[in-house]
């Protein structure tokens with residue numbers, strides 16, 4: 001199909017020419033990502049936790065609120081919570097991306113055709129390595145200790161929907177595999193190349209498709225190319241007075257197309273919704289054609305919703321090229337807050353009431369005590385005696401006057417957005433409901449710090465790996481009446497599994513409630529342990545996480561709230577959705593992609609094994 005309609009301006013958009021520079025501005029993330037980002041860790045090259053000469057920890061760079069700060073309590077916390085010592089370092093075996101294996105398969109016909117089409121491409125080792133993995137613990141450990149058994153043979157950067165259509169058709173004709181790549185933040189193994197794949201594997205990098213195509217300010221919707229990175233999307237819209245409001249923890253690096261393909265959720269979903277609530281229209285390229293609805297109406301009743309076929313497809317059916325989303329005017333006021341509860345159960349009861357009364361702030365996150373202690377260890381050194389005195393007064397009030405026990409209390413961080421009147425009214429109501437559950441205000445600054453720490457915590461895994469500690473997070477969703485049982489049982493199961501497998505040092509097992517709904521909540525679990533002296537820490541970790549996932553399902557939790565299935569959760573997929581549902585998805589795969597061009601092997605292995613073509617063709 002002709003994609004010329006993508007550039008049409010809806011009626012009422014008479015400011016398009018003046019906005020052109022904003023619409024087409026290059027991304028803050030360069031085409032060659034290794035120029036700015038770490039090749040073997042999370043985030044920017046200039047941002048990391050580092051040990052100072054005074055044997056404290058600091059966070060380098062200037063990009064974050066925590067940057068340049070020293071955290072005098074973090075080293076002690078590591079020793080107490082994990083038995084780790086900054087005197088026992090475990091340096092990576094590979095510190096530079098050298099000796100990257102050459103391409104395994106090169107399809108001459110395909111290479112000749114993309115040159116004729118003028119499609120930008122690279123077979124350079126660093127480009128291929130960056131797109132051959134996501135950010136699971138196993139993938140990060142592999143980058144430090146060895147190399148992946150298979151990497152993409154080529155990276156191609158299309159610049160428009162039309163070029164993606166040409167690329168997909170070409171791959172289908174030539175027998176080449178395509179694995180879509182957006183921001184590379186997957187934590188499900190979704191970007192790993194199937195090691196048994198015998199065809200040429202090409203990474204379809206959408207990062208150069210990052211334009212705002214148009215804004216319709218009458219209907220408050222916008223059309224965007226799928227490769228735009230979250231921080232670019234929000235920054236450009238903010239210049240024009242608008243926002244999307246979708247803020248996943250990976251906002252800095254994840255892409256719009258990735259949000260759609262994984263059914264993403266954001267920190268501010270209480271106001272703006274999850275990706276399925278924001279999406280109005282999507283264009284999806286498959287080997288047998290382009291899927292899209294004929295209009296961008298707010299709701300239609302025309303059979304099963306094809307949008308829900310695309311959302312959650314995780315690169316297995318095709319690739320998202322363009323997305324129409326709801327936009328909103330920037331909020332007039334943004335205010336942070338925090339609440340302190342005597343225990344986690346009191347906090348959960350408060351969040352449940354906030355959800356039932358439909359008055360939750362844009363973001364509300366409840367930390368259990370272990371996570372509160374961890375967050376407290378990340379506090380920068382007091383800047384002066386006044387700050388230290390105020391902190392001491394706050395501690396005295398919470399622990400002595402209110403009687404909260406430091407090893408039991410729980411803390412919620414809040415973000416309010418709206419008009420000044422709306423925010424003031426909502427904050428008063430939230431504080432009133434919290435008081436009914438024994439909660440007290442913890443102040444605006446603690447809320448601000450807690451919210452901003454979300455973007456820094458991901459860097460801690462790299463620090464842990466430098467000192468014999470592995471750690472990871474995973475999530476689930478669960479009905480309200482099972483939240484407390486699930487949290488308790490999963491945390492205990494993690495510790496028991498670690499002990500039974502020879503972990504002798506303390507085990508960190510903690511959780512937080514991150515999103516709330518009428519019928520339940522999303523819960524994040526974090527766990528870490530010291531692997532010094534253990535022979536295969538990654539395999540041990542996988543066994544523990546698998547046991548934790550079994551415990552989650554046994555306690556009524558979901559397989560995933562927003563990370564997706566990928567490869568690491570395939571074993572539970574049919575149990576989660578039923579065998580007939582899996583058969584239906586397989587049938588869709590066979591019809592849309594009969595030659596298994598999108599052979600990423602996410603959700604399930606294609607029929608016929610990694611290659612998957614013979615049996616699929618026979619069935620079709």
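Keep in mind that glycine also has a Cβ here, set from the backbone N, Cα and C atoms.
Caution: TrEMBL annotation is automatic and unverified by curators.
When the ranges 1-24, 25-48 are checked against TrEMBL, the one recorded as region 'Disordered' is 1-24. Every protein chain shown contributes to the tally, and the Cβ of residue 524 (active site, proton donor/acceptor) ends up with 19 other Cβ atoms within 10 Å. Sequence-distant neighbours of residue 461 (substrate binding site): residues of the same chain at least 6 apart with a C-beta under 8 Å from its C-beta are 41, 42, 137, 140, 470, 471, 472. For residue 365 (site 'Important for enzyme activity'), applying a Cβ distance below 8 Å and a minimum sequence separation of six or more within one chain yields 267, 412, 413, 450, 451, 512, 513, 514.
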